[in-house]
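Enquirer: Following this message is one structure expressed as C-alpha cells.
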Amino acid sequence: MDTARVYLSLKPSKTAAGAQCVSPPSLPPDACRCPRSHRLALKLSCAGLILLVLALVGMSILVRVLVQKPSVEPCRVLIQENLSKTGSPAKLKCPKDWLSHRDKCFHVSQTSITWKESLADCGGKGATLLLVQDQEELRFLRNLTKRISSSFWIGLSYTLSDENWKWINGSTLNSDVLSITGDTEKDSCASVSQDKVLSESCDSDNIWVCQKELKCECMCNDS
C-alpha cells in the first residue's frame, strides 16, 4: 500500500500577505497644504479685517464723544470778545441774583449758617462753595462783601487724616494762593475776612459764597 505524501506549503499566499501588509493609501505630501502665496494672502486678509474692526470701534467712540461734548471753544471766544469790547464782566450772563466775574458766577448769602449747611445749600443750587482761584478773585470777593461785617465760608476744610487743608474738590491748598491764620483742629473750616483767611470751627455761623461755572449757552444763545 502506497503511503500518501502530503506536502504543506510554508510559503504564505500572496492574498494573505497582501491582507496583512497593505496600508491605507496616503495622500500626497502637498495635498493638504495651501500654496505659500495663498497662506500669505489669508494672513493679510485677517490682519486687514482686524484693523477695519478697530477703526470702526475708534470712529464710533469719537463720534459719541463729539456728540456729547458741548461746543465750548466758540463760547469762550465770544466771552473774550465781550470782555474786550465792553470791559465789564457784568455783561456776562449768570442766573438771577448771581454776579459774574471772569468765567464764574457767584452768589453771596444774606444769612449765616454752619459750614456743612452752606455746603449743602450750594449743592442745592447746582453749585459749590467758593474755590478761590487766585489772589485777584479773592480781592474781588472781599470788595463784594465789604459791607458785611461777617466772614464768609469757602470750600476749604482741614482733614485730620492727611493733616492738611483741602478744597472740596479734593485738591490740596496751595500756600501761594491762601495763607491760613489760626489753630487747625479736627473740625476746622476756612472763612475769609477782609484781611485774613481764618481757621475756625465748622460749627460756627457765617455767610457763604457759592460759585458755578459760567455756562456757554448763556452767550451762545444770543446772536
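Yeah, the Cβs are placed from backbone N, Cα and C, and that goes for glycine too.
Marked as disulfide bond by Swiss-Prot on the basis of sequence analysis: CYS94-CYS105, CYS122-CYS210, CYS189-CYS202. Positions annotated as domain 'C-type lectin' by Swiss-Prot, on the basis of sequence analysis: 93-212. Taken from Swiss-Prot, the feature topological domain 'Cytoplasmic' applies to 1-43, supported by sequence analysis. The topological domain 'Extracellular' annotation in Swiss-Prot covers 64-223.
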Enquirer: Given a separation of at least six residues and a C-beta threshold under 8 Å, show me what packs close to CYS210 (disulfide bond) in the same chain.
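Expert: The answer is PHE106, HIS107, SER109, ASP121, CYS122, LYS125, ALA127, THR128, LEU129, LEU130.
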Enquirer: Which number gives the other C-beta atoms within 10 angstroms of the C-beta of CYS122 (disulfide bond), all protein chains shown included?
Expert: 23
Enquirer: Taking the disulfide-bonded residues one at a time (CYS94, CYS105, CYS189, CYS202), which has its Cβ surrounded by the most other Cβ atoms within 10 Å?
Expert: CYS189
Enquirer: Helix, strand or coil by DSSP: which one applies to CYS94 (disulfide bond)?
Expert: coil
Enquirer: For CYS202 (disulfide bond) and CYS105 (disulfide bond), determine the Cα separation and express it in whole Å.
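Expert: For CYS202 (disulfide bond) versus CYS105 (disulfide bond), the Cα atoms are 24 Å apart.
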Enquirer: Roughly how many angstrom lie between the C-alpha atoms of CYS105 (disulfide bond) and CYS189 (disulfide bond)?
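Expert: Roughly 23 Å, rounded to the nearest whole number.
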Enquirer: What's the CA-CA gap between CYS94 (disulfide bond) and CYS189 (disulfide bond) in angstrom, rounded?
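Expert: Computed Cα spacing between CYS94 (disulfide bond) and CYS189 (disulfide bond) is 28 Å.
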